[in-house]
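> If you scroll down you'll find the structure; I have some questions about it.
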Amino acid sequence: MFKNLFSWSKRVKKLDPDKIPEHVAIIMDGNGRWAQKRGLPRTAGHQKGVQTLKEICYACGELGIKYLTVYAFSTENWYRPTSEVNFLMELFKKAMRNEIGELEENNVRVRILGRRQGVDPDILAEIDRVEERTCKNDGLILSICFNYGGRAEIVDAVKKILSKYHFHESIDEEYFKEFLYTHGLPDVELLIRTGGEQRLSNFLLYQSAYAELVFTNVFWPDFTKKDLVDAIYEFQNRERRFGRIGKV
Ligand code: IPE
Ligand code: IPE
Ligand code: MG
């Protein structure tokens with residue numbers, strides 16, 4: 001235990017406290033392969049993945065990250081076998097129900113981002129409950145992307161704008177952001193994908209325009225707060241240019 005504590009603080013010490021990313025986003029991938037490697041059903045990986053999310057969420061708080069946005073279920077994940085989709089729906093519902101107390105205690109504000117259409121009313125009720133119960137918390141803002149697609153989000157934003165305005169002069173990039181599910185959140189600075197794939201899979205397309213991407217082969221259920229620190233370390237050692245010449 002002491003060894004663990006020691007290696008954690010040693011790792012954190014290598015970070016520059018003035019350059020902690022404000023907004024970290026994670027594509028939590030590799031649950032199925034994690035389970036299959038152990039001869040377990042894919043669902044066991046999803047179950048373990050919930051524990052990982054808890055650990056990472058509190059580590060983000062400790063590190064001073066203000067916004068954590070995670071990808072839990074995509075608009076394309078409905079095309080998986082019904083048994084897996086049903087399991088994921090139940091797991092999401094149960095996780096929200098079971099974790100609400102701890103999230104409240106830890107001052108975490110939860111937002112669920114995605115399309116409500118097509119989601120079971122039971123789940124929508126849990127979403128409303130968790131958002132309402134945590135809305136006054138002013139610690140970490142945890143946004144969980146559920147029934148989320150980056151393209152769907154942009155299309156939905158356009159629809160909202162069209163239903164409100166008949167002119168377009170005032171619409172610019174900053175203003176457009178306020179119509180996305182992520183309204184109020186700053187751009188993603190660091191985007192981590194676990195599980196070895198190097199793609200966005202329709203995640204935060206607008207918000208990640210200048211995010212630093214960090215890919216790791218670690219499957220999500222095995223991802224630890226040490227891996228998180230390593231990803232932040234890599235972020236801190238990148239040169240961000242935003243199209244300019246030299247460091248910004
Ligand atoms: C990510 O893990 C979780 C969801 C997409 C719900 P996967 O289920 O995609 O796991 P792999 O990528 O098949 O291993
Ligand atoms: C992205 O992972 C979605 C989530 C992690 C929720 P996928 O496993 O669905 O992505 P692909 O199919 O490998 O692109
Ligand atoms: Mg996957």
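Note: Cβ is positioned from N, Cα and C throughout, glycine not excepted.
TrEMBL lists these features:
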type: ACT_SITE; residues: D29; note: active site
type: ACT_SITE; residues: N77; note: active site, proton acceptor
type: BINDING; residues: D29, E212; note: Mg(2+) binding site
type: BINDING; residues: 30-34, R42, H46, 74-76, W78, R80, R193, 199-201; note: substrate binding site
> Taking ligand 1 as the reference and 6 angstroms as the Cβ limit (strictly under), which recorded positions among D29, T75, N77, W78 are close?
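Correct list: D29, N77.
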> In whole Å, note down how far the CA of R193 (substrate binding site) lies from the CA of N77 (active site, proton acceptor).
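About 17 Å separate the Cα atoms of these two residues.
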> Taking ligand 2 as the reference, state which of the recorded positions D29, G30, H46, R193 have a Cβ closer than 6 Å to one of its atoms.
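Those recorded positions that pass the cut-off, since their Cβ is under 6 Å from ligand 2, are D29.
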> Across all the protein chains here, work out how many other Cβ atoms are within 10 Å of the Cβ of the residue listed as 'active site'.
23
> From the recorded positions listed here (H46, N77, W78, R193, L200, E212), select those whose CB sits under 6 A from an atom of ligand 3.
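None, as no Cβ falls under 6 Å.
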> What's the CA to CA span in angstrom from L200 (substrate binding site) over to D29 (active site)?
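The Cα atom of L200 (substrate binding site) is 11 Å away from the Cα atom of D29 (active site).
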